[in-house]
Amino acid sequence: MNFTVPVQAIQSIWSVGKESDDAIAEACKPPFCIYFSKKTPYTVTNGSNADHGDDEVRQMMRGLLYNSSCISAQGHTPLALYSTAMLYPPMYGSCPQYVKLFDGSGSESVDVISSSYFVATWVLLVVVIILVFIIISFCISN
């Protein structure tokens with residue numbers, strides 16, 4: 001299994017007085033890149049200024065210090081990116097598995113074909129084993 005951790009990118013937005021573009025958002029596409037975008041307008045508070053990020057940007061950057069793309073309510077684990085048990089929205093970031101399973105608006109979809117083949121293979125194996133036991137018991141009883 002390949003557990004390649006995607007690149008993480010944060011929206012490079014300036015204050016109202018400076019021009020911003022969305023080049024990073026256009027370049028960063030899942031599953032190889034996870035893009036964190038601001039949800040509120042740029043605000044200068046708590047001693048920050050127009051050039052060094054507002055509170056929301058600082059919070060997003062703080063999350064990167066954990067080397068994690070998402071932190072769930074259960075805490076951070078290195079495999080949080082790939083957890084299929086992600087039932088709650090992340091407290092920070094955007095967990096790809098959560099987005100794929102529960103967000104119908106995205107272009108990403110869950111790869112159910114490979115997992116279906118895996119389940120079908122095991123079911124077939126169990127059926128074959130049961131049939132072998134039935135045949136053996138039939139032969140022994142005769």
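From the backbone N, Cα and C atoms, a Cβ is placed for every residue, glycine too.
Marked as topological domain 'Virion surface' by Swiss-Prot on the basis of sequence analysis: 1-117.
As annotated by Swiss-Prot, N-linked glycosylation site applies to N2 (among others), with the evidence given as sequence analysis.
According to DSSP, C33 (disulfide bond) sits within a strand segment. Per Swiss-Prot, disulfide bond is recorded for C28-C33 (among others), and the stated evidence type is similarity to another entry.
Under the heading N-linked glycosylation site, Swiss-Prot lists N46 (among others), citing sequence analysis as support.
Feature annotation from Swiss-Prot assigns N-linked glycosylation site to N67 (among others); the stated evidence is sequence analysis.
Per Swiss-Prot, disulfide bond is recorded for C70-C95 (among others).
If you look at the transmembrane segment (118-138), there are no same-chain residues 6 or more away from its ends with a CB under 8 A from one of its CBs. If you look up Swiss-Prot, you'll see 118-138 marked as transmembrane segment.
The topological domain 'Intravirion' annotation in Swiss-Prot covers 139-142, and the record cites sequence analysis as its basis.
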Those disulfide-bonded residues listed as C28, C33, and which of them has the most Cβ atoms within 10 Å of its own Cβ: C28
